[in-house]
Structures are given as C-alpha cells and as structure tokens.
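Look at Swiss-Prot and you will find Gly96, Ser97, Val98, Ala99, Val100, Gly101, Lys102, Ser103 tagged as ATP binding site, backed by sequence analysis.
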Amino acid sequence: MDARSELHHYNPYRVFSRSEWANLRQDTPMTLDAGEVSTLRSLHDRLDLSEVEEIYLPMSRLLSIHVGAMQQLYYAQRRFLGVVERKMPYIIGVAGSVAVGKSTTARVLQALLARWSPRPKVDLITTDGFLHPNAVLERAGLMQKKGFPESYDLPALLAFLSDIKSGRRKVRAPIYSHLTYDIVPNKFAVVDRPDILIVEGVNVLQTGRLPRDGKAVPVVSDFFDFSVYIDADEPVLRDWYIRRFLALRDTAFHDPRSYFHRYAPLSDEEATATAIAIWERTNLANLEDNILPTRPRATLILKKGADHVVDSVALRRL
C-alpha cells in the first residue's frame, strides 16, 4: 500500500464496540447507587447502572489519566520556568444535538469525577445561560434560530471561560430557565476555582471564521482540555425529540408560566405535527449546519442507538 492509500484509509479515531470499551474499566470502582443514577437521568433518556458501569466508568478512568498527565505537565513546566503559578482548572466540553442526552452525560461525569480520590471540586455549567435574552433575539429576528451560534452572547461566554482558566474567584454565569424559555433576570451560578469544569452545550465545539486581518480569534473549544460528542442518527434524534415534546406537553407545558403553555391542550396528532415542524425548521437545520460538522473535533465520540444506549465509542488518537 502506497503512502497516498494509507493516508486515504487513516482514521484519527480508535473505534471500540460496547464490550471492548467496557473492558477498559478494569478495577475502576462503582461509586454511585441505583437511586443516585436515577436522579441524573434527563426526561425520556435512559440511564441505568449497567450504562454507568460499561460506558461511564471507563470514561472516568480515561479522564483520570488525562487529568493526571496534565498535572504532571503543570509541575514540570513550573520547575522549568522557576515560577509558582496556580494550577488551571481542567475543562471538559460536552457537545451534541438537542435531545441526544448531553445533560445526562454531563451530570454523570460530574458525579463520578467528584468522587475521585482526593475529592476534586467539579462544577457544571450549560451554555444555555449565554443565550441572548428573548427580547434581544426577537428584536434581531432570531427567535426561530435559538440555539444557532448567532443566538449566543459569545463574547460573554469567552470572557467567562477566560476568567475560569486564569483562576479568577467567583466567576458568574447567567442562569437559563427551560420553563420560561429565557434567561432568568439577575440570577447567576457562581463558579469558584473548580478543579474540573464541565461545559455542556450544542455548539461548544463550533469553530469561527478565519479573520481577514490574520488576527487570532478565540473559540469556546480553545479552552477545553478534553471534549465529548454525543452522537445518534438523525431519524433517531427526531424520534427522541418528538417523544420528549409529547412528554413535556403532558407535564411542564401545563404550568401557566411555561413558554410552551399554549401547546398543553394539543392532541397527540397535533403535538406530533408541531414537534416535527419545530424539529425540521430549527433543530435539524442547526444539527446539519452547525453541530454535526463539529463532531470530528471531539476527543471522544459516544454513538447511541435507538434505545438510548451507547453501542460504540470512538477515541481520538494522540
């Protein structure tokens, strides 16, 4: 095989079946019980002890290796420079489509990593809090593109991550309400020098356009030390979104404060048609144009089947 043929067949990822990946857990202890696992599961997602044991414990072991290597590099560089600097937080990005289960993955990782020995401080934020308020999106004609890159206050998100990496104390992140579908005024989550920060959002692996003047333009993923992309085929994602919409119609949408309260009286047929329209107009377009193209930038890709269970894992080669 010549060099060009080898290059053509090169895969930057090592791909593991579920059973192969599960074997990489080795002796990593299970630190969560069934009750704790159930509280980490998002609406209409699937998560049980076997999923944690076979998928997330090997991830925890891998991350402990990466974090340990980063710490060794930090101390080696500190000796090399002859300076004493505060160790920077290790930042993990979690990306993927709407309805794929990013929140579940992020919460499971937070719970497992926080129980490492010694106990690190592990914080979690979602980029939803950095969406522009609805009033701003409405003025800009962007309500139908909520979740697209242009709907975020990118300078605020980049400033937040820069403050975290520089070791600033008590950095504030805006809070988003899925009930009102808007930023909560004057309420913030405070992140105070965590050892590990998990950042979850649909577009966290997004790249920016190259500037004409040649000046460097930071992107969110520049601050990540490790990234995870949760993947599933589009028809599967569409079905999950419809099922979630129907479940919310029967629960949260009945709250008069809900932005989607008007959908609560819909029949199954009407609600399904509405969910399909929203999916195709907004979420599918965002997936195809902005989210899926970022998948090759992830360190680790979890591929889910129709049953919400991870059936293969791809790890980027070093």
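Using N, Cα and C of the backbone, Cβ positions are placed for all residues, glycine too.
Long-range Cβ contacts of Gly101 (ATP binding site) within its own chain (separation 6+, distance under 8 Å): Ser42, Asp45, Ile230, Lys304, His308. Applying an 8 A CB threshold to same-chain residues 6+ apart, the list for Val98 (ATP binding site) reads Gly147, Val202, Leu237, Tyr241, Asn283, Asn286, Leu287.
Highest Cβ count within 10 Å among the binding-site residues Ser97, Ser103: Ser97. Highlighted in sequence order, Val202, Ile230, Leu237 have their Cβ within 8 Å of the centre of the Cβ atoms of Gly96, Ser97, Val98, Ala99, Val100, Gly101, Lys102, Ser103, the residues recorded for ATP, and are not part of that set.
Just so you know, the Cβ of Ala99 (ATP binding site) picks up 24 other Cβ atoms within 10 Å once every protein chain is counted. For Lys102 (ATP binding site), the count of additional Cβ atoms within 10 Å of its Cβ stands at 23 [all protein chains shown].
Secondary structure from DSSP puts Ser97 (ATP binding site) in coil. Local packing around the binding-site residues Gly96, Val100 was summarised as the count of other Cβ atoms within 10 Å of each Cβ; on this measure the leading residue is Gly96.
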